[in-house]
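What follows is one structure encoded as structure tokens, with my remarks underneath.
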Amino acid sequence: MPSYTVTVATGSQWFAGTDDYVYLSLEGTAGCSERHLLDKPFYNDFERGAVDSYDVTVEEDLGEIQLIKIEKRKYWYQDDWYLKHITVKTPLGDYLEFPCYRWITDEKEVVLRDGRAKLPRDDKTQILKQHRRKELENRQKMYRCNKEMESLKLVFYSEDMFFREVECFSATCFPLEYVMQHWKEDFMFGYQFLNGCNPVLIRRCTEIPKKLPVTMDMVECSLERNLTLEEEVKQGNIFIVDYELLDGVDANKTDPCTIQYLAAPICLLYKNLENKIVPIAIQLGQKPGPENPIFLPSDATYDWLLAKIWVRSSDFHIHQTVTHLLRTHLVSEVFSIAMFRQLPAVHPLFKLLVPHMRFTIAINTKAREQLICECGLFDKVSSPLGKTLLFFMGPYDFFLLFCVFFIYSAVRSFAEDVIQIYYESDEVVCEDVELQAFVKDIYMYGMRGVKASGFPKVIKTREKLAEYLTVIIFTASAQHAAVNFGQYDWCSWIPNAPPTMRCPPPTEKGTVTIEQIVESLPDRGRSCWHLGAVWALSQFQDNELFLGVYPDEHFVEKPVKEAMAKFRKNLDEIVSTITERNKNKKLPYYYLSPNRIPNSVAV
């Protein structure tokens, strides 16, 4: 009788093993096997980190193995199990790998396909077509969008994703110490728009806006090239940061004992002869007028300092709600939900993207439950209420910073290599109904059908597919790392990033005192909440998986593994470049070093 050797690998994380009964069935093109109990006499099967082998004998030839079925049944009490993968050696000596890499909970039945990635057109047998269709049907019941909600709100039920608390590592103190020493200086104020944790707002100013009536007389002492303001604008030396999104947003009113305030500043900056970006004019409101003066570096020291503090406070709000939460976490959740709903585990794009969606749904759930909910941490710490986040919905973009080009190019090259393996032509891209459903899901449910989002409804070429996948991976990894892991460095010194302001913006010059500045800053309680939040957000997870590190082998084909090796080599070269660049720098920039970029928005 034909005999198969089945090898089962259990995960090595805590509590991954199980004492439950585990049954296995084989389904081939010529028939199905009986249900076999995987058990060795006088042996503790399926321990954490174990690799156990079993002989499974069947009565007749099963043909080519298509699927394997795993059933877990309770022994004494419910005992969850993390199954990494199963390998089946056939009677002919062939080896088939069946990746799982998930928790099997309750008395569940899991059906696995072998690890070779397949497009929909590659499935020829009815068995595989049915399995593919059923998997997506089940996933679409688990992960679904609530169509009754006008705002973007994802409703999902996940049985194999869970949140793990971050391990407490000591954050580096050097950047923080430098910020504490230099935060008042104009160069440090400007530096953060390019190298801080929110380097996405600064824009080259092509025309001084009418709502910011800055004149040459106001800024002449700040310009260094003997040019007029208009000439400096034409030469590309003037930059602007506009916090218009905050205009009209209500401040937090959850604490009856403390009135909190918001502003929507406009800040004009100048690239001086030392190639440093420095502020030259700040208006704290959007509408010019006598009670909304334009503050200048030539003003009284405390007038200018308080104006900069207001800008830094506004920058903190936009950073947390838009740059960080919306444009990395929530956008990645859109990708994650669409991936689970529209791409089966056998699809090559699921295998490519799943490491970059790791814990995304879980961490966002935690945020909705504890941070941005009513009376959550945002309400305790910062001026805007969490519910006003929907006000900030806008066109999606990502930034360019030193090293971003290299990382983006490395990710793009990796995506292209994978695409070349599975999509032999643009026609194959067009015919991939699961890919097109994935793209449509993101556009219709995630982006609400808004063309300005920049996301397409359909993808027709391999080039566009490579770009699309690169944006997804880059957003979940590099972009999130750049705007997240510097928060303790840049935001823990409260005057440099006040989460709230307790006094209204000044309406005239020459009246600000140091006492007024102190009274405007957050109180001790909110400062403590703020410090705890930015510290926790800046920590890596225990056993963090960094960009290009894929211990879960969803792909089994040699060409893809070679593409992964090439990707890691490219990333290692970028690490070396960044390390060399940071030598002897007063403020080294390391947030975009690939060995510090987690694969996903897991924090």
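In case you wondered, yes, glycine gets a Cβ from its N, Cα and C as well.
Database features, via TrEMBL:
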type: DOMAIN; residues: 2-118; note: domain 'PLAT'
type: BINDING; residues: GLY17, ASP79, ASP80; note: Ca(2+) 1 binding site
type: SITE; residues: TRP103; note: site 'Essential for stabilizing binding to COTL1'
type: BINDING; residues: HIS324, HIS329, HIS480; note: Fe cation binding site
type: TRANSMEM; residues: 389-411; note: transmembrane segment
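Cβ atoms within 8 Å of the centroid of the Cβ atoms of HIS324, HIS329, HIS480 (the Fe cation site) belong to the same-chain residues THR323, LEU325, ARG327, THR328, SER332, GLN479, VAL483, ASN484, VAL601, site residues excluded. Here the CA atom of ASP80 (Ca(2+) 1 binding site) lies 7 Å from the CA atom of TRP103 (site 'Essential for stabilizing binding to COTL1'). When the Cα atoms are compared, ASP79 (Ca(2+) 1 binding site) and HIS324 (Fe cation binding site) turn out to be 37 Å apart. Around the Cβ of HIS329 (Fe cation binding site), a 10 Å sphere holds 19 further Cβ atoms from the protein chains shown. Neighbouring residues of the recorded Ca(2+) 1 site, listed in sequence order and excluding GLY17, ASP79, ASP80, comprise PHE15, ALA16, THR18, ASP19, ASP20, PHE46, TRP81, TYR82 (Cβ within 8 Å of the Cβ centroid). When other Cβ atoms within 10 Å of the Cβ of GLY17 (Ca(2+) 1 binding site) are tallied across all protein chains shown, the result is 21. In the predicted model, the domain 'PLAT' (2-118) has a mean pLDDT of 94. Each of the binding-site residues HIS324, HIS480 was ranked by the number of other C-beta atoms within 10 Å, and first place falls to HIS480. Per DSSP, the secondary structure of the domain 'PLAT' (2-118) breaks down as 0 helix, 60 strand, 57 coil.
Within its own chain, ASP80 (Ca(2+) 1 binding site) has PHE15, THR18, TRP103, ILE104, THR105 as residues 6 or more apart in sequence whose C-beta sits under 8 angstroms from its own.
Counting every protein chain shown, the number of other Cβ atoms lying within 10 Å of the Cβ of TRP103 (site 'Essential for stabilizing binding to COTL1') is 18.
Distance between Cα atoms for HIS324 (Fe cation binding site) and GLY17 (Ca(2+) 1 binding site): 36 Å, as a whole number. Across the fold, the C-alpha of HIS329 (Fe cation binding site) and the C-alpha of GLY17 (Ca(2+) 1 binding site) stand 31 Å from each other.
Cβ neighbour count for ASP79 (Ca(2+) 1 binding site): 16 (other Cβ atoms within 10 Å of its Cβ, all protein chains included). You'll find the Cα of GLY17 (Ca(2+) 1 binding site) roughly 33 Å from the Cα of HIS480 (Fe cation binding site).
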